[in-house]
């Protein structure tokens, strides 16, 4: 009992126990802080330095190089296949214009119109006859759409005002704004003239808004067989519109083509093996697996960066009493990893769509090309990250990153002025200049002027029908060019130049500019020093949170005992 009381008295004295010795705690804290510095410095090393520091092979770098090669091959292969699809669509559209538009000439859709009533009936009659003789006149593999045992008909629909009496000579009119639609159907394989097919068909020219001739044709794209791909079956919905909404005496004729790509129901390809198709699918599966591995590695690196950021923030708040700014916190979130994660996600989705297109489950080439195109663009953009490890190339990345906030604010202010010019030019100059007819064309025209393109034609093509508008156009164009080229564009270049000079001076001086950089600069351990191969369990990152909790619990117990 006495021994126990002596032992109890020994530990209840005011002297701190050995593990609470201030000098012992100071040495332990110093080791933890050095370990934290070492971990943060290791996180920001390039792959070669990490290899010398811990002997870990740069798997992410090797994987990115392999991924760039195979994704580029995949994109080129899909681009060539998609090019055949687009060519087939465009050439069929041109075929329909020559088959069904009377006296059509290439490039003449802007001026293709009729001006007499007899010409309107003549053009509709021509369309019906050509549709009926399709098998005898076309050189392609076009065919009528068939539902069951019957072919789908050609439809002629007329939109017109319900009632109306118009007397321009007396400056009087009476019109009912309700629009009625009158449709007639003409079945193929029977090809008489318009009067024989539709004897009661009559156009109400004074009330007519439009006449639409609609029919569906089918075709098969056989050119894919040469590339060892299964052909697709196409449904072309042809819409020929006689537009009379302006009632100006000029009826414009337009031909549109809506395309649906379907899987062929019954097919057989002789003299070709399906082996290439299976190899293509396996290659796409390899890309998916590679992207999943890259996605996992980059996600792990992002998580490690967030954990380091949490540890550094905790150290600054509990040990130094400082609040870490967001600029230092965002340093731990590597934007290049985020870009690679987005690229991998897009490539995986695009590859899945490509496999379904290859197996003819889906036929949406446009959606697949968007995913693969953006994914490949992000992959190649991610290469700049590795170029940034070289000091001479890193200045471009640092300049873009430092100037980005100021550039965004500058673009927002300049964009307001740009939109004001767009709206003003559209309203005032739209009726007199073809480049200002719509907001889209106005924006494109003004953007071209900023780049110094197409200036003289823009000034010259202004119609001098109104002297007031013509004078306004000169003031408008001269002020826009002077403001944006000589002032706004120059200020924009100045922002980039000043940021570049600042970054260059910082690199030459070598002085740390942020608290995080000052914190890491204390660590002088080289990658090949062997200090980075220490056990991770002894590092600050794994025990920092527990030690802080321990300090808080000890402090709480002291407050409770004093109370």
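Backbone N, Cα and C atoms are what each Cβ position is placed from, and that goes for glycine too.
Taken from TrEMBL, the feature domain 'Mucolipin extracytosolic' covers 85-265.
Here TrEMBL flags 367-503 as domain 'Polycystin cation channel PKD1/PKD2'. Residues in the domain 'Polycystin cation channel PKD1/PKD2' (367-503) partition by DSSP class (helix H, G, I; strand E, B; coil) as 118 helix, 0 strand, 19 coil.
The annotation transmembrane segment is assigned in TrEMBL to 277-297 (among others).
Marked as transmembrane segment by TrEMBL: 335-355 (among others). Long-range contacts of the transmembrane segment (335-355) within its own chain (CB-CB distance under 8 A, at least 6 residues past either end) are made by residues 64, 71, 74, 78, 281, 284-285, 287-288, 291-292, 294-295, 298-299, 301-302, 305, 362, 364, 367-372, 374-376, 378-379, 381-382, 384-385.
The transmembrane segment annotation in TrEMBL covers 367-387 (among others).
The transmembrane segment feature in TrEMBL is assigned to 407-429 (among others).
Panel annotation: around the transmembrane segment (475-496), residues 399, 403, 406-407, 410, 414, 417-418, 421, 424-425, 428-429, 446, 449-450, 452, 455, 458-459 of the same chain, lying at least six beyond its termini, place a Cβ under 8 Å from a Cβ of the stretch. Per TrEMBL, the feature transmembrane segment maps to 475-496 (among others).
Per-residue pLDDT, averaged over the domain 'Polycystin cation channel PKD1/PKD2' (367-503), rounds to 86.
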